[in-house]
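Worksheet: the structure to be examined is printed underneath.
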């Protein structure tokens with residue numbers, strides 16, 4: 001009798017059959033989850049980043065009389081904000097690794113011509129042949145390869161295909177949050193010395209309220225995203241998703257060593273491309289494919 005690990009590996013042996021044309025079509029589609037909570041959280045994420053942009057640029061930097069201080073911090077903060085929002089979009093609109101839906105038909109499973117003792121697993125919820133390390137997401141209503149968790153803030157699952165962008169998103173949000181806190185602290189210190197005279201185009205009470213809210217927002221985002229970033233790096237280096245860790249599943253796969261895991265997620269050896277959320281983005285090709293095959297929505 002085969003062990004559980006052997007039976008699970010049998011699924012991987014049939015992967016060329018399980019991930020045929022349907023998955024290639026899905027990869028060319030625009031992926032978007034129509035979940036009310038997720039869409040609200042994604043909108044809030046963008047709104048809060050835009051608020052930080054407004055306060056940093058129009059309350060702190062532009063009123064400053066120090067040209068180089070304004071230029072250097074303005075370029076750095078806005079550049080990191082663009083990278084953060086791009087990473088958010090890539091995480092949200094990238095297929096996380098959805099298994100083809102409804103392919104576990106009796107006729108199709110018979111066509112696989114399994115050998116005696118070979119076992120494949122079927123997800124009863126989405127009627128899909130379930131590969132090793134795939135889990136069903138009740139929100140996406142799909143089985144996701146190497147599903148780590150479903151994050152409402154990006155309105156998507158974090159899985160095999162978009163984990164890299166999620167890591168970049170948490171890293172860049174943590175970076176702009178820390179930068180905003182430092183700028184706010186320096187601005188408070190400077191304005192108190194001059195008693196807020198000529199410190200801002202806004203009245204002192206309004207400026208103080210805007211800065212306090214920014215500090216609270218930045219502190220909350222910094223704490224949350226820094227923890228998530230550390231958790232994701234730990235999961236990648238240990239080749240274990242958050243679901244597998246919580247379920248305390250015994251590995252039935254050969255774990256990658258730390259750098260192999262990082263290279264598998266970020267693609268290739270260490271380079272600056274690891275930090276580039278635009279890498280691999282072919283907008284023109286994506287638009288052509290979207291017109292040809294339509295968008296894939298999960299309701």
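Just so you know, glycine gets a Cβ as well, placed from its N, Cα and C.
As the structure is a computational prediction, the values presented were derived from the model and not from experiment.
Here Swiss-Prot gives transmembrane segment for one range in the set 209-229, 230-250, 251-271: that range is 209-229.
Of the given residue ranges 4-24, 67-87, Swiss-Prot assigns the label transmembrane segment to 67-87. The membrane topology recorded in Swiss-Prot keeps residue 64 and residue 189 together on one side. Looking only at the domain 'DHHC' (122-171), the predicted model's pLDDT averages out at 92.
When each of 42-62, 67-87, 209-229 is checked for Cβ pairs under 8 Å to the transmembrane segment (165-185), 209-229 comes out on top.
Across the domain 'DHHC' (122-171), DSSP helix (H, G, I), strand (E, B) and coil residues number 9 helix, 19 strand, 22 coil.
Taking Cβ-Cβ distances under 8 Å and a sequence separation of 6 or more, the neighbours of residue 151 (active site, S-palmitoyl cysteine intermediate) in its chain are 91, 157, 158, 166. Remark: secondary structure over the topological domain 'Lumenal' (186-208) totals 13 helix, 0 strand, 10 coil, with classes taken from DSSP.
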